[in-house]
Amino acid sequence: MTSSSSFSRFDGRAQDQMRAVKITRGFTSNPAGSVLVEFGNTRVMCTASVELGVPRFKRDSGEGWLTAEYAMLPAATAERNRRESMAGKVKGRTHEISRLIGRSLRAAVDLSQLGENTIAIDCDVLQADGGTRTASITGAYVALADAIKVLQERGVVPGSPLLAPVAAVSVGLVDGNVCLDLPYEEDSRADVDLNVVMTEHGEFVEIQGTGEETTFTRAQLNDMLDYAEKGCRELVAAQKAALGI
């Protein structure tokens with residue numbers, strides 16, 4: 001692993017150490033699934049709502065659908081950001097993250113076993129300190145599991161659509177050193193930034209990687225993926241503990 005003896009992380013963690021992770025189920029009472037997920041100081045409310053019917057392109061297919069939306073509250077960051085709905089235009093970054101969350105969660109559900117029902121995932125960032133998209137995916141899986149349980153209890157879902165857990169984590173190169181689960185202080189100055197989505201079985205759902213300030217080698221990429229795999233294993237354990245499985 002790439003490391004310098006003089007390097008120390010902003011918050012004192014080891015390079016391969018996650019921030020404190022907390023998953024609270026039943027955070028609100030209206031949705032079928034509702035979770036508050038915390039990665040250190042990053043806090044995201046993830047909900048899963050059930051809608052009868054599917055989009056037009058799925059009608060009469062016998063399959064369900066899962067969609068996702070992501071947003072940040074105005075005061076989620078140190079400097080207030082105007083609501084995108086008030087500005088009249090959703091930013092490209094917001095669309096990108098929404099689609100990422102949707103793709104990631106669809107890897108965790110067998111749509112053919114969902115019937116013609118839609119699960120809408122909403123991830124609202126209450127406080128942002130790096131890793132909001134990865135926290136959203138990790139928390140949303142738990143909300144999804146609760147929503148599917150509600151559907152099964154109501155007799156709406158004919159099968160068992162929930163698949164293996166999916167979790168996500170950030171990893172990057174900070175001053176040339178591989179670091180896991182970057183807070184904003186590290187993320188904002190990272191040489192390389194990676195977001196990795198994985199299943200419980202160690203399979204990749206998505207890898208997003210960018211050389212923000214420099215290029216990176218295959219060896220460094222392998223190191224970052226090793227760190228990400230370790231982080232995702234720990235996150236899956238946290239998901240299963242929250243669900244009592």
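Keep in mind that glycine also has a Cβ here, set from the backbone N, Cα and C atoms.
In this structure, R133 (phosphate binding site) is part of a helix by DSSP. Annotation comment: Swiss-Prot describes R93, G131, T132, R133 as phosphate binding site.
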Specify the count of other C-beta atoms within 10 Å of the C-beta of G131 (phosphate binding site).
25
